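Below: the structure, in structure tokens.
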Amino acid sequence: MKKVIIESTIFVYKNKEALPEDVSSLMQKAIEARTKAYAPYSNFQVGAALLLDSGEIITGNNQENASYPSGLCAERTAIYYAGSQFPKAKIMKMALTAGSEKKESNEPVPPCGACRQAIAEYEIKQKSPIEIYFMGKTGKVVKSNSLANLLPLVFEKSML
Ligand code: THU
């Protein structure tokens, strides 16, 4: 038996203002998207903004449904739109912000497991890393240099 240690590195910025200018404005777009989320059941709003290699910015937010599992997370709303409208574009950066309408929390909110799997598909497809930045409603911002870093042991197409 061999022990294998899997390591991940993340970077933490003290707030949105401490981000590089282009990322800070991408995060601002994610914040604007978050406020337009349709989340009447959870009251938990999530916003995503993607920067494509063309310079185009795609935003999305969570879309809930009375049949709960029919809803969709912000990350997948945005990335599937990007994939459908700009199939050849590479996604360079993704900014995420999330928080409850009912309570204050400034803890960074990472993408859920299903969204990590969805984002991984595009990172593998485009053969280049997607920088992921995530925060709560305010406060610290976490950066990961790639999605792979957030989803070790990914299941992907080469295994099919
Ligand atoms: N949600 C997202 O939009 N992204 C995530 O990564 C985690 C969860 C949404 C789904 C649901 O509308 C609400 O947040 C509560 O789970």
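From the backbone N, Cα and C atoms, a Cβ is placed for every residue, glycine too.
A TrEMBL annotation is a machine prediction, not a hand-curated record.
What TrEMBL records for this protein:
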ACT_SITE  GLU75  active site, proton donor
BINDING   ASN62, GLN63, GLU64, ASN65, ALA66, SER67, TYR68  substrate binding site
BINDING   CYS73, CYS112, CYS115  Zn(2+) binding site
DOMAIN    21-158  domain 'CMP/dCMP-type deaminase'
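Cα-Cα distance from GLN63 (substrate binding site) to CYS115 (Zn(2+) binding site): 14 Å (rounded to the nearest whole number). CYS115 (Zn(2+) binding site) falls within a helix when secondary structure is assigned with DSSP. Apart from the site residues CYS73, CYS112, CYS115, the chain places the Cβ of VAL46, ALA74, GLU75, ARG76, PRO111, GLY113, ALA114, ARG116, ALA118 no farther than 8 Å from the centroid of the site's Cβ atoms, the recorded Zn(2+) location. In this structure, CYS73 are the binding-site residues from ASN65, ALA66, CYS73 whose C-beta falls under 6 Å of some atom of ligand 1.
Each of the binding-site residues GLN63, ASN65, SER67 was scored by how many other Cβ atoms lie within 10 Å of its Cβ, and the smallest score goes to SER67. Sequence-distant neighbours of CYS112 (Zn(2+) binding site) (same chain, 6+ apart, CB under 8 A from its CB) are CYS73, GLU75. Fewest other C-beta atoms within 10 Å: among the recorded positions GLU64, GLU75, that description fits GLU64. Per-residue pLDDT, averaged across the domain 'CMP/dCMP-type deaminase' (21-158), gives 97. In the domain 'CMP/dCMP-type deaminase' (21-158), helix, strand and coil residues by DSSP number 48 helix, 36 strand, 54 coil. Spatially close to ALA66 (substrate binding site) yet at least six residues away along the chain are TYR41, judged by Cβ distances under 8 angstroms.
Close to CYS115 (Zn(2+) binding site) in the fold, though at least 6 residues off in sequence, lie CYS73, GLU75, ARG76, each with a CB less than 8 Å from its CB. If you take the C-beta of ASN62 (substrate binding site) and look for same-chain residues 6 or more apart in sequence within under 8 angstroms, you find ALA37, TYR38, ALA39, SER42, PHE44, GLN45, VAL46, GLY71, LEU72, CYS73, ALA74, THR77. Of all the binding-site residues listed here (TYR68, CYS73), it is TYR68 whose C-beta has the fewest other C-beta atoms within 10 angstroms.
Within 8 A of the CB centroid of the substrate site residues ASN62, GLN63, GLU64, ASN65, ALA66, SER67, TYR68, the other residues of that chain are TYR38, TYR41, PRO69, SER70, GLY71, LEU72.
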